[in-house]
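*Asks:* Mind looking over this structure? Questions follow.
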């Protein structure tokens with residue numbers, strides 16, 4: 001199978017390395033210097049340093065060439081760009097007149113200004129593209145790059161997209177499950193990043209494992225309430241893309257969003273944290289969108305609201321925790 005991976009950050013690079021073990025895989029990035037480094041060293045020293053990539057993996061900075069590689073009926077196009085870049089990338093596909101027949105995205109979050117999920121963005125930009133879906137689940141790029149075991153879920157309303165994604169990814173140390181709850185999978189992937197910031201704050205303040213367990217559990221309730229209101233199914237949030245991804249991102253020290261929370265608790269400014277991180281922290285980008293959607297649906301999301309207070313309103317992390325503890329008692 002031909003596979004084009006669009007986006008050579010840590011996640012796109014790790015997935016491309018996995019795919020290249022079985023398939024004719026091309027990795028694209030708009031940064032020609034990054035591509036030149038990949039071609040010379042077969043290592044992404046900027047985003048996934050120390051991990052050798054397969055010799056068979058090819059690289060290109062020409063979007064047209066990448067789209068042509070992934071646009072055949074028997075090919076797959078994997079979108080590994082951040083949510084913030086989806087609309088531009090889909091628009092470029094449309095303008096180039098080279099829309100892949102089968103598309104799966106691996107980014108997580110809401111579009112910041114429109115509050116749309118990725119499947120809504122592709123519907124707006126590529127209305128004729130119907131074989132598409134989302135691949136998500138508890139996964140750190142570095143561990144995938146090291147070929148450690150991982151389980152992910154592909155969700156699509158297209159059986160052909162599910163089958164093609166399964167055929168592409170389900171080998172080696174990667175296990176793929178299938179489903180059709182696109183909304184539930186996308187909401188879980190977005191909200192867990194915000195909740196991971198909350199858990200990082202609590203851990204950074206030294207509040208203990210009891211507090212961590214409470215935040216994860218009550219955070220899952222927030223995720224599920226919003227997801228169901230937006231059209232997802234409740235059972236999705238107890239699976240890999242909900243609870244599984246939340247546990248990993250909230251507790252794993254490779255988590256960028258957890259790192260943001262830890263650093264906020266240590267008193268660092270958000271700008272300094274993001275500048276030093278060098279990678280996207282989607283929880284910061286989409287926190288306000290999550291809260292706005294919750295308010296529009298009249299859904300209480302106090303943990304998310306507390307995170308937004310710390311990120312954007314100057315609330316001290318310890319004061320945000322105190323605010324949560326002062327909430328009125330209620331039935332679970």
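Positions of Cβ are set from backbone N, Cα and C atoms, glycine also.
Feature table excerpt (Swiss-Prot):
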type	residues	note
ACT_SITE	192	active site, proton acceptor
BINDING	11, 30, 108, 141, 256, 280, 282	NADPH binding site
BINDING	108, 137, 139, 192, 245, 255, 256, 257	sn-glycerol 3-phosphate binding site
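Any idea what these are sitting next to in the structure?
*Replies:* Residues within less than 8 Å, Cβ to Cβ, of residue 192 (active site, proton acceptor) and separated from it by at least 6 positions along the same chain comprise 108, 219, 223, 242, 245, 246, 249, 250.
Taking a C-beta cut-off of under 8 angstroms and a sequence separation of 6 or more, residue 30 (NADPH binding site) has the following same-chain neighbours: 61, 63. According to DSSP, residue 30 (NADPH binding site) sits in a coil region rather than a helix or strand.
The secondary structure of residue 192 (active site, proton acceptor), as reduced to three states from DSSP, is helical.
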*Asks:* Checking your reading of the structure: which of the binding-site residues 137, 139, 255, 257 lie inside a 10 Å Cα sphere centred on residue 280 (NADPH binding site)?
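*Replies:* 257, listed in sequence order.
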*Asks:* Run through the Cβ atoms and count how many others sit within 10 Å of the one on residue 280 (NADPH binding site).
*Replies:* 23
*Asks:* Between the Cα atoms of residue 256 (NADPH binding site) and residue 137 (sn-glycerol 3-phosphate binding site), what distance do you get, rounded to the nearest Å?
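*Replies:* The Cα atom of residue 256 (NADPH binding site) is 16 Å away from the Cα atom of residue 137 (sn-glycerol 3-phosphate binding site).
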*Asks:* Look at the binding-site residues 108, 256 and tell me which residue has the greatest number of other C-beta atoms within 10 angstroms of its C-beta.
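*Replies:* Compared across 108, 256, the most Cβ atoms within 10 Å surround 108.
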*Asks:* List nothing but the largest Cα to Cα distance in Å, as a whole number, among the residues 108, 137, 139, 192, 245, 255, 256, 257 that the record says bind sn-glycerol 3-phosphate.
*Replies:* 16
*Asks:* Taking the Cβ of each of the binding-site residues and counting other Cβ atoms inside 10 Å, which one has the highest number: 139, 255, 257?
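*Replies:* Of the binding-site residues 139, 255, 257, the highest Cβ count within 10 Å belongs to 257.
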